[in-house]
Each structure stands twice: as C-alpha cells, then as structure tokens.
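So the structure is just underneath, and the comments pick up after that.
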Amino acid sequence: MANNGDSIKITNSVSGNATILALGKAFPQQLVMQDYLVDGFFKSTNCTDHELKQKLTRLCKTTTVKTRYVVMSEEILKNYPELATEGLPTVKQRLDISNKAVTQMAIDASLSCVKVWGRPLSSITHLVYVSSSEARFPGGDLHLARGLGLKPDVCRIMLAFTGCSGGVAGLRVAKDLAENNPGSRVLLATSETTIVGFRPPSAQRPYDLVGVALFGDGAGAVILGADPVPGVEKPLFELTSAIQQYLPDTEKTIDGRLTEEGIKFQLGRELPQVIESHVEEFCKKMLKDTVCSGAEYNDLFWAVHPGGPAILSKVEGRLQLKPDKLSASRDALRDFGNASSNTIVYVLENLVEESKKKREKGEEDSKWGLILAFGPGITFEGILTRNLVC
C-alpha cells in the first residue's frame, strides 16, 4: 500500500480522542453446543423433514461455531407453543419475551463493564443503546437507564435495527459524545436475541437454516471517555477517527421485516462477495491522510465483526492478511456465534487478551488497527484505533 503523503501526527499520550476504558458482556442461561443443536431444534419444532435436517447438519459444520447462548428454552416453548407453529400471529408474544430479555442482558453486561471500570454508575453522563431485537416506546434506552439506576438527566440515544454493524455504529456515536462533552463518560450497551425471528424449519424457507446455524444471543457493554483519569482509569483503545458508508442498490442483500409472525430475515448469497469487492477501498479511505496512511495491512491489528466464516475469509483474502490477523474475530464466532451488534465487543475483549499475552512474553504487538463491521444497507462502519494495552 502506497504512502499517501501527509499524516496526522499523534503522540503517545492520549489527548482529546475518545478511549475505551472498559469492556463487559453478558449472556442468557441457555448454552447451545453446536454438535447437539440439530436434534434439539427439530425436536422442539416437531419437524420430521429429513432433507432439511441434513442441510442444517451441513450448515452447522461450515459455520465454525462451537457454542452459543440463546434466550429460547424448553420452558418458553412450553408456555408459548405457538412460537413453533407455522403461520400464527405471534409478534406480541415474541416482543414481550424479547423486550424483557434484552433489557436484563444489557443491565448485566453494563454492570460487569462498570465493575471493571472501577468508577460509580453516577459518573455515567451519556447512554447509547443498540438493539435490533425489540420494538416499543419508551425504548430500551429508558428501560436500561431505569434498570441501572442512572440519573434522570443522563443523555440517552438508541440505535435500532442496525443489525451486525450496530456495535461499531454505537462506538462511533459514543466517540462523538465523549469528545464533544468535556468530562463525559459514555456507556454503550448492545443487546440482541434471535427469539423475534425463531421459526420452525420449512422447505419454502431453506435460508432460515443459516440463521439457526449461525446466530446467537447476548449483550455487550463499553465505557468510553476522553482524557482518562491517571491512576484511576486504564484505557484499552484510543478511537482516532470513524467513518460510515453505504453501498447503493444493495439494500435487499440484508433484508428484515417485522410481520405478525415476528421478524422475517434473509441474507443474500452474494453478501460475502459484495463485502469482498468493497472492503479494500473502504479501508484505504479510513487510512488516507492519517498516521497509518503508509502502513501495510499486516502491520495493523484487525477487529472485524464475524458475520460468518465466508465473510472473514473474503476479507482476509482481499486484504492478503496473515491467518492470525483475524484470530480474535474467529474465536468470537467460535465461542458465541454471530451475536449481531454485540459481537464486536467480544472481538475487542479477545484482542485485549492477545495483547496482554504478547506483552507478558515480550513479543511485539500491532499498535494501530481497524475496527470493521458490515450491516444492513449494505452499510460499512470503520474506526481507526490505537492499541493502548501493548
């Protein structure tokens, strides 16, 4: 990659830019082992279609997912058997379950994050809440603020139905809030569940099986602020610049609609190829006229939302990344599945652990990197980031 000339000079001290001060996560109680998912899913939905069962078995092997957490349980299906019945109007039941679940998971993730941060909840001045799994008003941002006991004058904003790019979009919004409100501390919380889209298998909807094999539930949380307090706050990443871009005429590639039966969701088969065709141009745009404008891609660290193994492979191939460059993303996919907006938090946690291990061994780690995600639109989100752990 050629050097584009002028660069932004950034010193080793963090000044003015937003930093990630703590990370946290939470999950529902139901742990799903991928090896046992197929039999359990077909039993719970009373489906005997052998061909569909074979297809799901193949998909489960190709996703590389090993474990996931889900809200759906035997108890829920016992109380709401209509959720496993084709064609019934169940959106009210689904949202009743989902609204409660995402709020509780967001509370748990936030409390975990605040505990790591080490400062009181009263220090939170702004709240950014991200979810594509609920529909109500007041929105989940208010329910989360009340559940945490945040002050009534905390400034709230909610990002809804941003899908897999929502976590990075939330970081971008939280970054702007932190940098433009001196002394502020922003809590970003993401929370998602697949229960709004849970449906029995159908030969008319074979693409539904991709979601069954890939997606998981959970929540993530991040504390952000500019100018960390020395000796009190321990910044993990500095968020230097952020951009967003959508690709015209691709809005049908990731398609979701709220119906009387819940959310009907479909991923176009061309999604990995579309991302592959545009990811390098987007990365060049992020790096242009920055301190990293002349960097090789393999000199950077990469926090990429793991939408699926095919997407990661396409990004890796197009950018000619070494296999270990996407290990944090692949490990998050393996352990939690694609948990939509939450997953980037899990990827960042993996990167922190990787950096700590390298530091303990005296190994050199990448100081600069990119946070990437791809969502409905198709929308690309990206943040140029400095690793403060290494």
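Backbone N, Cα and C atoms are what each Cβ position is placed from, and that goes for glycine too.
TrEMBL: automatically predicted annotations, no manual curation.
Copied over from TrEMBL:
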- Cys164: active site, acyl-thioester intermediate (ACT_SITE)
- 12-228: domain 'Chalcone/stilbene synthase N-terminal' (DOMAIN)
- 238-387: domain 'Chalcone/stilbene synthase C-terminal' (DOMAIN)
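Using DSSP to sort the residues of the domain 'Chalcone/stilbene synthase C-terminal' (238-387) gives these counts of helix, strand and coil: 67 helix, 43 strand, 40 coil.
Its Cβ placed at the centre, the residue listed as 'active site, acyl-thioester intermediate' has 29 other Cβ atoms within 10 Å. The average pLDDT computed over the domain 'Chalcone/stilbene synthase C-terminal' (238-387) stands at 96.
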